[in-house]
Amino acid sequence: MKEYILSIDQGTTSIRAIFFNHDGDIVGVHAKEFSQFYPDSGWVEQDPMEMWSVTGEVIEKAMAKSNIKEDEIVAIGITNQRETSIVWDKNTGEPVYNAIVWQDRRTAEYCDQLKADDPEIEAVVRNKTGLMIDSYFSGTKVKWILDNVEGARAKAEKGELLFGNVDTWIMWKLTGGKTHATDYSNASRTLMYNIHDLKWDEELLKVLNVPASMLPKVQESSGQFGVTAKIFKREIPITGDAGDQQAATFGQCCFKKGMAKFTYGTAGVMTVNIGEKPFLSNNGLTTTIGWGINGKVEYLLEAVAFSAGSAIQWLRDEMDMLDESPDSEYFALKTKKERNCGVYFVPAFTGLCAPYWNSYARAAIVGIERGTTKNNIIRAVLESLGYQTRDMFDAFSEDLGERLSILKVDGGACNNNLLMQFTSDIVNVDIERPDNTETTAAGVAYLAGLAVGFWESQDEIVQKRTVDQVFHPQMDEELRSDLYNGWKRAINCNLEWANDR
Ligand code: G3P
């Protein structure tokens, strides 16, 4: 009989259902973009009910397209855009507010206030959670909902409301309200979870004024979470859950200390496995739980570029410069002059993350001349992803005390050869692209499959990863450092503008 693992990948802009066979090959897939709302400056919201209905739709369509039957699905894994926060009524199943998306900056001033009121708090939070006090993470978003939605705090205090990131919400819906849970990797992005004790942290919950009764149970990323009560007619076990970046790290088989990956999604995220003992970065990186499996917890250092794929989508949707995102390579290749005529794009649509951490920065284009064309702008957007990778890579090298020798890439934009070559050139590192670039979905499929014996061990999974291409640096050092200096100048003028508000 045929057997498959289903991955549900809840991304920021699209939701996908992807089926994997025993060889780790994709045998069925369906994806759909869903609505984004921008109700105010710096605000980004989504509709949790739409997420749920799109989830059902993509699963049904993926099964129909590939002729997969319910009784062939051995287990399900869920992976998700992290930090995005949903609060719902456990009796009615209705969200009390839209999902506040990780990109949302509405709590930036509250974060500033928190730090101004208590100079010690930043260090306390950092030591316990591995994170910075920033509006990116879930904690202040949950507090905002409780403080701003009429009646929400009173209901939360009576134990009637539940909080979850997107994994928890979808799992709760899928199990018919039976499972309110998450895994270590997602909990570690909330600002409320102690990554050393592996517990929700009472002191931080008090600071943020979030009742513990709202919080999901936290468990290993690979294990029994519950069984389906919706969408399917039979009970299918849900046995994998991980934040999308941690899932991608697992899918890239970064199982050893020092192994690194970069994922091009809506955001661009670099992670490095740092083993079983967490430490804090001195260079603006966060420390995060990678996964928990078979009683073992592994940690990652992480850096995020808030806008990666979303910057290319902006060229497509708002600027009308592209019909399809992959066309960016064709247009960028038309810019014949070296150095892209001095044009730089800083993709700070929702602020700048590691290593800059500025919630008030906004996107900018610098160096435009009378002869600048659309193609230069497109190229500048692609190159900005390479420059951000260099910023991150340098911060990782400082923290680790050595340069990483190879960077594994995945996610949609890694199929853009110009982007891969430029990144290899500007970072000065080998870039390795696997055959399967859907490593986020693969990672959580592996976590789910390992829990039910579909795959025996992580060693077996390593055998399934094959390499498509390695990009080697070709740029000379003089050009590399000239170009990168130009990027630093663009960033500095952007930060000056943000800080002078
Ligand atoms: O932390 C945000 C990250 O999880 C978003 O992921 O894949 O939607 O870019 P993605």
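Backbone N, Cα and C atoms are what each Cβ position is placed from, and that goes for glycine too.
Here the Cβ of ASP244 (sn-glycerol 3-phosphate binding site) has 31 other Cβ atoms within 10 Å, regardless of which shown protein chain they belong to. Summarising the annotation, TrEMBL assigns sn-glycerol 3-phosphate binding site to THR12, ARG82, GLU83, TYR136, ASP244.
What TrEMBL records for THR12, ARG16, THR266, GLY309, GLY412, ASN416 is ADP binding site. According to its DSSP assignment, ARG16 (ADP binding site) is in a strand. Taking all protein chains in view, 22 other C-beta atoms sit within 10 angstroms of the C-beta of ARG16 (ADP binding site).
Of all Cβ atoms in the protein chains displayed, 16 besides its own lie within 10 Å of the Cβ of THR13 (ATP binding site). Annotation comment: TrEMBL describes THR12, THR13, SER14, THR266, GLY309, GLN313, GLY412 as ATP binding site.
Look at TrEMBL and you will find ARG82, GLU83, TYR136, ASP244, GLN245 tagged as glycerol binding site. Within 10 Å of the C-beta of GLN245 (glycerol binding site) we count 27 further C-beta atoms, all protein chains included.
Taken from TrEMBL, the feature domain 'Carbohydrate kinase FGGY N-terminal' applies to 4-251.
Residues or ranges marked as domain 'Carbohydrate kinase FGGY C-terminal' by TrEMBL: 261-451.
With a cut-off of 6 Å between Cβ and the nearest atom of ligand 1, the binding-site residues GLU83, THR266, GLN313 reduce to GLU83, THR266. The two recorded residues, GLU83 (sn-glycerol 3-phosphate binding site) and THR266 (ADP binding site), have Cα atoms 14 Å apart.
The Cβ of SER14 (ATP binding site) has ALA31, LYS32, GLU33, PHE34 as same-chain neighbours under 8 Å, each 6 or more residues away in sequence. Neighbour list (GLN313 (ATP binding site), Cβ cut-off 8 Å, at least 6 residues apart, same chain): THR13, THR266, SER325.
The Cβ of ASN416 (ADP binding site) lies under 8 Å from the Cβ of PRO326, SER328, GLU329, LEU382, each of these being in the same chain and 6 or more residues away along the sequence.
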